[in-house]
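*Asks:* Below is one structure. I have some questions about it.
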Amino acid sequence: ALEEKVVKSKVGEKVILPCCHRIPSSESLHKYRVYWQKNITDVVLAYSEGKMISKDKRYQNRTEMDRQNLTLWISPVEILDNGSYHCVVQRNSVLECKESVILFVTADFSKPNITAEVSADSCESTEMVIICSSHGGFPKPKISGALNNMSVEWNASWVSESSFSPYNVTGKLVLNVTKDVNITCSVEHNGFAKSTSLHLKKTNDCVAPPSSPPYNVITASIIIVITFILAITLAARYLPRHVCSHCCKRQDSVEEGVKDCTKAPVSNKGTAETSSV
């Protein structure tokens with residue numbers, strides 16, 4: 001089994017793939033045949049007796065081989081360059097070595113963009129539809145989020161023309177916001193992540209109308225009020241009459257006393273006459 005090395009690169013960069021043999025300074029490429037192949041069947045380029053004898057059209061103007069250490073460089077790297085490469089070296093038609101190397105190409109995603117749209121609103125909460133999107137990256141990413149540092153799960157969808165094309169990713173989230181919060185969206189691929197945060201504000205701060213008291217409370221209140229009114233009415237009707245009758249009795253007593261006091265006194269003359277008789 002051939003030992004496979006892994007080389008990572010980003011789209012647009014220059015990458016160098018190692019080979020298993022280095023030609024001594026005392027020799028030249030003329031004694032060697034060197035093949036660089038992709039996925040075993042596709043020849044990237046080939047040298048024989050010091051001359052290039054084959055080169056894939058897709059690698060034209062992007063690929064060269066070092067004539068001493070036989071490394072292959074590709075620039076600029078494309079997503080389609082992903083794959084397994086093999087370096088095969090022969091000296092005088094005798095196999096010197098084989099080496100396999102895997103090229104893993106990535107492409108950075110754009111910084112996530114977050115938008116929020118109010119779908120329903122009330123005094124208690126604001127329902128919002130949150131959309132997080134990022135594009136142009138490779139390979140297929142993961143999308144994650146946090147609401148005030150608490151993890152949330154996005155309803156994610158990915159779009160790509162093929163398995164070796166850039167991805168566009170979109171995440172959707174429906175939230176009931178009862179107070180101001182922060183939402184964070186992160187797009188991760190190959191150990192790298194880009195994040196964006198957005199402050200969500202509850203839009204409607206209206207004061208809810210007071211709730212109606214229970215029916216039994218209303219009934220009891222009405223009974224108390226009616227009882228109070230009846231008590232006042234009865235008091236107003238009977239209390240003055242009782243007071244006045246009492247006043248009249250007192251007044252009659254006073255008047256009788258006055259009358260007794262104002263009676264004419266018996267004359268002494270009458271008394272004397274009576275005595276003499």
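Glycine too: its Cβ is placed from the backbone N, Cα and C atoms.
Pasting the feature list from TrEMBL:
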{"type": "DOMAIN", "residues": "1-103", "note": "domain 'Ig-like'"}
{"type": "DOMAIN", "residues": "112-199", "note": "domain 'Ig-like'"}
{"type": "TRANSMEM", "residues": "215-236", "note": "transmembrane segment"}
*Asks:* When secondary structure is assigned with DSSP, how many helix, strand and coil residues does the domain 'Ig-like' (112-199) contain?
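*Replies:* Its residues divide into 0 helix, 64 strand, 24 coil.
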*Asks:* Please list the DSSP helix, strand and coil residue counts for the domain 'Ig-like' (1-103).
*Replies:* 9 helix, 54 strand, 40 coil
